[in-house]
Amino acid sequence: MIFLNTFARCLLTCFVLCSGTARSSDTNDTTPASAKHLQTTSLLTCMDNSQLTASFFDVKFYPDNNTVIFDIDATTTLNGNVTVKAELLTYGLKVLDKTFDLCSLGQVSLCPLSAGRIDVMSTQVIESSITKQFPGIAYTIPDLDAQVRVVAYAQNDTEFETPLACVQAILSNGKTVQTKYAAWPIAAISGVGVLTSGFVSVIGYSATAAHIASNSISLFIYFQNLAITAMMGVSRVPPIAAAWTQNFQWSMGIINTNFMQKIFDWYVQATNGVSNVVVANKDVLSISVQKRAISMASSSDYNFDTILDDSNLYTTSEKDPSNYSAKILVLRGIERVAYLANIELSNFFLTGIVFFLFFLFVVVVSLIFFKALLEVLTRARILKETSNFFQYRKNWGSIIKGTLFRLSIIAFPQVSLLAIWEFTQVNSPAIVVDAVVILLIITGLLVYGTIRVFIKGRESLRLYKNPAYLLYSDTYFLNKFGFLYVQFKADKFWWLLPLLSYAFLRSLFVAVLQNQGKAQAMIIFVIELAYFVCLCWIRPYLDKRTNVFNIAIHLVNLINAFFFLFFSNLFKQPAVVSSVMAVILFVLNAVFALFLLLFTIVTCTLALLHRNPDVRYQPMKDDRVSFIPKIQNDFDGKNKNDSELFELRKAVMDTNENEEEKMFRDDTFGKNLNANTNTARLFDDETSSSSFKQNSSPFDASEVTEQPVQPTSAVMGTGGSFLSPQYQRASSASRTNLAPNNTSTSSLMKPESSLYLGNSNKSYSHFNNNGSNENARNNNPYL
């Protein structure tokens, strides 16, 4: 009741001013911005043909000095004696309801009222006896969800059946959970997870690196999903939900820097586009950052959704300044996100894409600089040639290629949403071309990588009934494309396609259905539900812990989509339902984000401090380690058990196929030993420096000097012995004599593996314990 009196007095002052009988004076606001206050920045109309409308309405109440400061530009056609009915709605509940006759206030100018224009900037002091009764929590609770509605009736309308005017003001206290002190620590911790993964992989703890990398990427996916969900153009997003989700827009590249915004403005204008000026003029515009429900019963009361679509009073377009300068600008979805980030809508696409490209540039330059630093330290003999960084020095080129795929899959939701949305905006011809190019490049990289993974996996299934054999035995392929599939079980490598499809569909519908909030919310909920059910059913990730981690993330995503389904007002539920859901959304996501961040911090700390963090993880059940070329050390006579285990693994692989398939494979691979090296290949990486295809031959291991055999991969070791100067090849004659008579070229290639040696029945039979699965596991960051 207290603030109702304050608000009513402000409105009454407006009526007095337009009648010409009241005093008004321009006032300089000397109250600090951080002082306790309540404010409203727009006056919304909540009925057809309202006789009071406002194109600008800015009112602030400061309890410390009991002062109301207002700046109003409105028009009224009210005449005669009027009765006012005022309501205070807090979190969807009607907590106060007051009715009074303007004539009872004793102001001649208010009884009767006169039509006219209201254009005033002034102040008014409220009695302290009134302001002291207002609850103090209203000034401190973040993202206050409260609004005041005032309906005017003719004095003789005692039944309140025919309202003359209906206006509504959204209240705020300036406190919010949207803060850089939440956004940037979250971003920093997420980045630390990825950096820690790279570091521990270099020093040899591959299992730890794989799990940290997988969890870090899942963390990014969660943050991106939350940011994308917040971009849906639903009917009503309560303040606390809108503010909290704004903290994660950095994951979409939505980061405001003044100098870059100036560059983007210039670029838009220089390429025959028109820059938006809403943010630059927000102090003189009346803006509602989202549609608001206005009733405890339902948002359909007073036809509020229909009124906001009234083009005579409201506009949702930022492209016509002459339009929104005389009307109330209603922002929702991506428009709201851009406004809350203080980014002009015309710069939204460029902001997200440029920050992604900048991050990509920094990562690539850092990798090159690190390579140069290692070379300098090695040449200065500060770093040993055989240090843990040798594999990076030798394979830094392929590491950069793998990094491009890694960043592409992380940025795919961001790039696809921003590019497709830009197609609907056409801010300038050049920006549209930029959107096409960047979308084609990122999509092309992922499509290429996905096709390569599917070809390799299907070939391995056809030859060995096990996709892990070729996916993990070809170290060059693993190093380049491994990030696309190593987080999944070997037989679930195909889950890469559902994951990319899920990300693309979400981005597509959020981008193109900005003006269809109800349909958009329903489609996104169905997509989330379908993906969550499939994820729980198939459980494609590499182990139980990672599956639980990802299922929990997508469960929260599903709940968020469910909440936004209600925010779209599809069910016309009471406003209190949406308000309570918003509070639950904030608490749920805040607690869950805190858990994920603490989990990342603890995992990274243990990885850096634990003497051997790999012991915390169980071996992969798909036995992928067995198919990776092992490290062969000097023979010391302690190799009996290991050689028997090797022969057993080879025998197991042989029993996976029938006799006809085995003969076909033996004959085919034997042909390949003497095949022309110029055989055409579909892809350029079918032959690599790490491959054994043209160097494998059926000679006994005792015929050559024992040498360490290490795969040339940044994730597998320090290089194969066949590349070293001391490597002794079998003579050409020996290989020719042992090869089959039929030397025709075959399209099939020999898998890079120490388990198969062509047509010979002989195999390497001398291994010691240092060449066991543990060595391979410690030199592969994906395991």
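Using the three backbone atoms N, Cα and C, a Cβ is placed for every residue, glycine included.
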From the candidates N81, N761, the one which Swiss-Prot records as N-linked glycosylation site
N81
Per Swiss-Prot, is T40 on the side of the membrane where A575 is?
yes
How many whole Å apart are the CA atoms of N81 (N-linked glycosylation site) and N65 (N-linked glycosylation site)?
33
Using a Cβ cut-off of under 8 Å, list the residues of the same chain at least 6 residues beyond the transmembrane segment (522-542) that approach it.
210, 214, 229, 232, 486-489, 492, 495, 498, 502, 505-506, 509-510, 513, 549-551, 554-555, 557-558, 561-562, 564-565, 568, 570, 620, 622
Please determine whether the transmembrane segment (212-232) and the transmembrane segment (431-451) are in contact (criterion: at least three Cβ-Cβ distances under 8 Å, sequence separation 6 or more).
no
Within 10 angstroms of the C-beta of N65 (N-linked glycosylation site), what count of other C-beta atoms is obtained when all protein chains are considered?
13
Between 348-368, 403-423, 548-568, who has the most Cβ pairs under 8 Å to the transmembrane segment (493-513)?
403-423
Which one of these stretches, 348-368, 431-451, 548-568, has the most C-beta pairs shorter than 8 Å to the transmembrane segment (403-423)?
431-451
Long-range Cβ contacts under 8 Å made by the topological domain 'Lumenal' (424-430), restricted to residues 6 or more beyond its ends, are 267-268, 271-274, 345-346, 349, 511-512, 514
Nearest-integer angstrom distance between the alpha carbons (Cα) of N156 (N-linked glycosylation site) and N65 (N-linked glycosylation site)
38
